[in-house]
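Asks: Copying in the features that Swiss-Prot gives for the protein in this structure:
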- Thr225, Ala226, Glu227, Glu279, Thr380: L-serine binding site (BINDING)
- Arg256, Ser257, Glu258, Val272, Glu345, Thr346, His347, Ser348: ATP binding site (BINDING)
Amino acid sequence: MVDLKRLRQEPEVFHRAIREKGVALDLEALLALDREVQELKKRLQEVQTERNQVAKRVPKAPPEEKEALIARGKALGEEAKRLEEALREKEARLEALLLQVPLPPWPGAPVGGEEANREIKRVGGPPEFSFPPLDHVALMEKNGWWEPRISQVSGSRSYALKGDLALYELALLRFAMDFMARRGFLPMTLPSYAREKAFLGTGHFPAYRDQVWAIAETDLYLTGTAEVVLNALHSGEILPYEALPLRYAGYAPAFRSEAGSFGKDVRGLMRVHQFHKVEQYVLTEASLEASDRAFQELLENAEEILRLLELPYRLVEVATGDMGPGKWRQVDIEVYLPSEGRYRETHSCSALLDWQARRANLRYRDPEGRVRYAYTLNNTALATPRILAMLLENHQLQDGRVRVPQALIPYMGKEVLEPCG
């Protein structure tokens, strides 16, 4: 959510943000509704003040005036009730519209849609094979590493790993948590579900509600990232300045409905309903300097993980129309997938300034004693099984086995993933 005072003072800034981010929102209608709310508040205050004055006069009023004062007080009470009802209705409508207002992006963001995304860095390059390489599905089938019957049990976009590949997935998650702990982040294991308020706090609702599965007959929803839970942990608190920044590494199984992705990545591990994710999350003081420092830290953590996994990757500056409505800046990391001959997204590093903090009521007390909204940031540390597809394809050997990166050998106890059976 944006600062309403700033929205009133600088509407042109938000008109531009709405246009550049492609958000369907009538800002003039929102501002008109805001003016109506302000007028209702003013009138309600006037009515309540007069009603209090009338109530004070009644006991001391002469008999010939008392009846009229009582009638006036009753009329004012009825008017106050009508105004309160109208105010509640309009405030609810205004709140719903404010949740849709995007954060203006940083000046360095390319303007446009996905086609305007700009590569800013590349590390490594496509692997060179002396043999015809296999895609990750063929490698799993050749080595007996996945269970094809799982679609009969759990439907499409499900997966089940076996043998060394199952252990490899678990090893990767532990490797990522250990790495983040060494970097000073607090490791946390978290639920895969949360109440609606938490999704509103991150901005997943209302914008991405169709990507989220509801748990029937409850007020809970399945999370697609630990960010949803982490962002809600300190809701309503006023944190001491000395506690900042808060740096969490949260692990949770994640779920996405993949609505709108019909026909995309139907084979293999690239797009599944349930996956596993270690998420980086930072809550820091409200300054661009602090946010920029945290952003670079989150980005460097993810890059170092990919270097340790010995994977070729690139950084992409995300354009205004491709980033989320709450993003100040977004840089995606993409890893090369040999079978497709292109880079595919594995990480998304985001700075959201106070957009989430206002929605989730995340505050701190600054050194001058003022209560302020914090800034939040997040980035993937590692997510499986998508990263497994990259590891299998980039590290495959001529005999169909797959080598283990040096950093993962202590977790696996071997240098090569062996076939099942």
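Cβ atoms here come from the backbone N, Cα and C positions, even for glycine.
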Asks: Of the binding-site residues Arg256, Ser257, Glu258, Glu345, Ser348, which sits closest to Thr380 (L-serine binding site) by Cα distance?
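Replies: Among Arg256, Ser257, Glu258, Glu345, Ser348, Ser348.
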Asks: I want the residues beyond Thr225, Ala226, Glu227, Glu279, Thr380 whose C-beta is within 8 angstroms of the mean position of the L-serine site's C-beta atoms, in chain order.
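Replies: Residues close to the L-serine site, other than Thr225, Ala226, Glu227, Glu279, Thr380: Val228, Leu230, Gly250, Ala252, Ala254, Lys277, Val278, Gln280, Tyr281, Asn378.
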Asks: How big is the gap, in Å, between the Cα of Glu345 (ATP binding site) and that of Ala226 (L-serine binding site), rounded to a whole number?
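Replies: Ala226 (L-serine binding site) has its Cα 18 Å from the Cα of Glu345 (ATP binding site).
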Asks: For the binding-site residues Glu258, Glu279, Glu345, which one has its C-beta crowded by the most other C-beta atoms within 10 angstroms?
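Replies: Sorting the candidates by Cβ neighbours within 10 Å, the top entry is Glu279.
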Asks: Ranking the binding-site residues Arg256, His347 by other Cβ atoms within 10 Å, which is at the bottom?
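Replies: So among Arg256, His347, the binding-site residues given, the one with the fewest Cβ atoms within 10 Å is Arg256.
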Asks: Starting from each candidate's C-beta and looking 10 angstroms out, tell me which of the binding-site residues Thr225, Ser257 has the most other C-beta atoms.
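Replies: Neighbour-count leader: Thr225.
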Asks: For ATP, with binders Arg256, Ser257, Glu258, Val272, Glu345, Thr346, His347, Ser348, what's the maximum Cα separation in whole Å?
Replies: 19
